[in-house]
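Novice: As annotated in Swiss-Prot:
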- Lys55: site 'Transition state stabilizer' (SITE)
- Gly90, Gly91, Arg112, Asn218: substrate binding site (BINDING)
- Lys278: site 'Transition state stabilizer' (SITE)
Amino acid sequence: MKLHNVLKNNNNNKEDVGPSIEQFGGNAEWFNTTKVLSECLPYIQQFSGETFVIKYGGAAMTDRKLAESFAHDIVLLKQLGINPIVVHGGGNKINSFLEKINKKSTFINGLRVTDAETLEVVEMVLCGLVNKDITQLINKAGGNAIGLCGKDANLIEAKKVCYTYKENQSNNVEKILDMGFVGEPHEVNTDLLFFIEESDFIPVIAPVCSGENNITYNVNADLVAGALANALAAAKLIILTNVSGVTDANGNLLSEISVSDAENLIEQGVANSGMIPKLQTCIKVVKEGYGSAHIIDGRIPHVLLLELFTVHGTGTMVLGNDI
């Protein structure tokens, strides 16, 4: 039934109580939609003109419907006046190609040990296959995405990472493990990113960077996203994962945690494997930056919009120690 007919019928009644949900065929979804839209308004007003750095990875990349949902969300953010910068991983694709050449991977604290042969595969997969697929999806959704890697225009300069560990806890002697061509962000060319934002493009960045003597490094995408968020004074860093968020020792989701809480989760071994660089990145962004950091479940369709524009949100937000 059309809205004007509903109102007309109501005017013929002795007691005008207004149109009811039943008069719309009992479809409460219409009303819920308008409620959600009105709920978005204060967040849109708050973040218009701000920069969001979004680390994209996990199931949101491997599931095509989730990938298309993510692309639409990125375009919507841009249309709302927010400047999204996408940094992507691609671990599953890298693993798949390494398996084809019978190459095994070793991970230490969530970082892939990278020799010369592995580096070639990483650069080929991330900068070629994965990066271009993401830009194509965003462009198909109506955006203007441009694919980059850390090497382009010296966007991100990296330095070599060395992992220290104690072989024997009794003698307290630390040893250095060579991670190969694994780097960490050192400097960011913010001028290029500001230029891209002003040109109405959406940058999509692969975490392959160069360092001293033009050596190429494989850099963890979480660390790259964090470095960009700090360098650009981004309002938010958002990391998509394959889990619901950060959990405590009992597996309960933590909707908000302080920097101290995050540090304790790492020290106590509650956070492990790939969650370690994610939390470390969030800690650094909150300590050194101006915004908040979020770890959210990329398996949920339109999870970005749920986290950013609804009262309850989803996942885990990392805030300063004064929460």
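Glycine too: its Cβ is placed from the backbone N, Cα and C atoms.
Because the structure is a prediction, the values reported are computed rather than measured.
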Novice: For substrate, what surrounds Gly90, Gly91, Arg112, Asn218 with a Cβ no more than 8 Å from their Cβ centroid?
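Specialist: Apart from the listed residues, the neighbours are Gly89, Ile94, Val122, Leu126, Pro207, Asn220, Ala221.
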Novice: With Cβ-Cβ distance below 8 Å and at least 6 positions apart along the chain, what are the contacts of Asn218 (substrate binding site)? List them in sequence order.
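Specialist: Within the chain, Asn218 (substrate binding site) has Cβ neighbours under 8 Å at Arg112, Thr114, Thr118, Leu119, Val122, Glu123, Phe181, Val182, Gly183, Pro207, Val208.
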Novice: Given Lys55 (site 'Transition state stabilizer') and Lys278 (site 'Transition state stabilizer'), what distance in Å do their CA atoms have, once rounded to a whole number?
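Specialist: Their Cα atoms are separated by 10 Å.
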Novice: Based on DSSP, name the secondary structure state of Gly90 (substrate binding site): helix, strand or coil.
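Specialist: Gly90 (substrate binding site) sits in coil per DSSP, no helix or strand.
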Novice: Near Lys278 (site 'Transition state stabilizer'), which residues of its chain come within a Cβ-Cβ distance under 8 Å, counting only those 6 or more away in sequence?
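Specialist: Looking at Cβ-Cβ distances below 8 Å from Lys278 (site 'Transition state stabilizer'), excluding near sequence neighbours, one finds Gly110, Asp222, Ile239, Thr241, Ile295.
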Novice: Tell me which of the binding-site residues Gly90, Gly91 sits in the most Cβ-dense spot, judged by other Cβ atoms within 10 Å.
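Specialist: Counting every other Cβ within 10 Å of each candidate, the maximum falls on Gly90.
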Novice: Consider each pair of residues in Gly90, Gly91, Arg112, Asn218, all listed by the record as binding substrate, and report the largest Cα separation in Å as a whole number.
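Specialist: Output for substrate binders Gly90, Gly91, Arg112, Asn218: max Cα distance 12 Å.
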Novice: Output the one of Lys55, Arg112 that, of all these recorded positions, has the highest number of other Cβ atoms within 10 Å of its Cβ.
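Specialist: Counting every other Cβ within 10 Å of each candidate, the maximum falls on Lys55.
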